[in-house]
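*Asks:* So that we are looking at the same thing, I have put the structure below in structure tokens.
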Amino acid sequence: MFQAAVGPLQTNISLPEETPGLELNWAALLIVMVIIPTIGGNILVILAVWLEKKLQNATNFFLMSLAVADLLVGLLVMPIALITILYDSDWPLPEPLCPIWLFLDVLFSTASIMHLCAISLDRYIAIKKPIQHSQYKSRAKVMLKIALVWLISICIAIPIPIKGLRNYPHPNNITFTSNHTCVLKTDTFQEFIIFGSLVAFFIPLTIMMIIYFLTVRVLRKKVYLLRSKVTQRFSYPIISTVFQREQAANPPQPEQPDSTGNSLARIQEKTDTDGMSSPTGDEKSFRRLSTMGKKSMQTLTNEQRASKVLGIVFLLFVVMWCPFFITNITSALCGPCDANIIGRLMEIFSWVGYVSSGINPLVYTLFNKTFRQAFTRYITCNYRNFASKEQGRSFRASTVDRMLTHISPRSSVAENAKLFTKQEIKNETTDYRSPLGCLQPSAQTSTGVVLDKILLTHTENCKQEERVSCV
């Protein structure tokens, strides 16, 4: 892919002629400063997605595979490109490695944009048709999609080694110029250069841009529809649960505590009595908040935030690779163009494209808090505190999940409360009573409880603070 050299490395000539060599060494130093962050940053991305459960979703699995491609660029492509620059673009390695190196170069750059295209398509389907997409959400199916992306990339790049190695041991007419520079010669690979640029970049880029704008449009529409349904504002903390009412004929039953005096849930309140007044009957009727609606709004907010981050990744990738592919097609179609100028532009734009492999981890660090925290822990080797916290959270979550699976919607509150006592759930807070129990004295009470979620909603005008004590 490199069709021009920078300048000869001369060390045994007079001082005035050493300037090109000095400039070349500075360029090599800058290139090394690009290679090292590319390798380190993408290793951090792979570790974060592999180890952090919060980051293990379909989009991030694609990003991890993208990081693998970028990591391989830093390990296999950039160092050899640096060597060719140090040797004045003369290929210093065994000649059969030239088509293999060109194959890896095309493969990884193609895989990068194919991953971004697959991410945009997968996210659009997930937002547009969540029910259908949920059927293909398992890790195995995501890995199958990733394998398909790599397979497509391999199929696009495979003509290079096939055509190059087939002409060995006389590959000079295939991948080497008269200066023994390892390149895709336009007279031999003209059709491949045009076809590869269209299939590997311009067509996926067009699809990706269309899908991205459609995704943003769908998200905005869903947010608008969801917000239009929310016409109630709450001025005090709320704990939202899902209750089943008895039939109208059944009289209200008082809540019976179990033998230990523990209730189903407990809450510790710290109330500022100044300026607080008891809510009226109309205000109490607004104290039921839809947990599902709140969760949907949070989900859409997260999707919008993720779309912005991916939009930045898309934009940077396009800005950094578009000049190379435009120049690449120009070199194949423009016969009268100066080969030296085209070659130098190809060399510069190739390295601009390589830089994009090291920028993605920086984008994740700046715009994603979970990635940023994970990177900080990995760099500082701080695993012990994080592991103990995660184990404690996992133990508490699993304990509560086991109890919730035994709660029956047909059992009474007191019977369900005994499950917490049997599991030795202890806390030292005051008993909690549902806000729905204070609605009206004649209202029906609930005998069956389905603990969907306990949701605390805080507003600016509220001075009352509540804390749910689970363990």
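Quick reminder: no glycine exception, Cβ is built from N, Cα and C everywhere.
Here the structure is a predicted model, which means the values were calculated and not measured.
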*Asks:* Starting from the ergotamine binding annotation in Swiss-Prot that includes Asp105, Thr110, which of Leu30, Leu44, Leu47, Leu184 is the extra site residue?
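*Replies:* Same ergotamine site in Swiss-Prot: Leu184.
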*Asks:* Looking only at the topology recorded in Swiss-Prot, are Trp26 and Lys137 found on one side of the membrane?
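*Replies:* No - Swiss-Prot names a different topological domain for Trp26 than for Lys137.
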*Asks:* Going by the disulfide annotation in Swiss-Prot, which one of Cys98, Cys322, Cys334 is bonded to Cys182?
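*Replies:* When Swiss-Prot is consulted, Cys182 turns out to be bridged to Cys98.
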*Asks:* Name the residue among Asn57, Asn179, Asn368 that Swiss-Prot annotates as N-linked glycosylation site.
*Replies:* Asn179
*Asks:* Annotation N-linked glycosylation site per Swiss-Prot: which of the candidates Asn12, Asn427 has it?
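*Replies:* The N-linked glycosylation site feature in Swiss-Prot corresponds to Asn12.
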*Asks:* Could you check Swiss-Prot and say which of Asn173, Asn328 is marked as N-linked glycosylation site?
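*Replies:* My reading of Swiss-Prot gives Asn173.
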*Asks:* Test of understanding: applying the rule of at least three C-beta pairs under 8 Å (pairs 6 or more apart in sequence), is the transmembrane segment (345-366) touching the transmembrane segment (192-214)?
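*Replies:* Taking Cβ pairs at least 6 residues apart, the transmembrane segment (345-366) and the transmembrane segment (192-214) are not in contact, as fewer than 3 fall under 8 Å.
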*Asks:* So, does the transmembrane segment (309-329) come close enough to the transmembrane segment (61-83) to give 3+ Cβ pairs below 8 Å, pairs being at least 6 apart in sequence?
*Replies:* no
*Asks:* Could you pull out which residues elsewhere in the chain have a CB under 8 Å from any CB of the transmembrane segment (100-121), counting only those six or more residues past its ends?
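*Replies:* For the transmembrane segment (100-121), the sequence-distant neighbours (Cβ-Cβ under 8 Å, at least 6 residues beyond its ends) are 1, 59, 62-63, 65-66, 69-70, 72-73, 76-77, 80, 93, 145-146, 149-150, 152-154, 156-158, 160-161, 164-165, 175, 182-184, 196, 200-201, 204-205, 207-208, 211-212, 215, 310, 313-314, 317, 321, 353, 356-357.
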*Asks:* Restricting the comparison to the recorded positions Cys98, Cys182, Cys381, which residue's C-alpha is spatially nearest the C-alpha of Cys334 (disulfide bond)?
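*Replies:* Spatially nearest to Cys334 (disulfide bond) by Cα position is Cys182.
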*Asks:* Which numbers of helix, strand and coil residues does DSSP report for the motif '[DE]RFG motif' (187-190)?
*Replies:* 4 helix, 0 strand, 0 coil
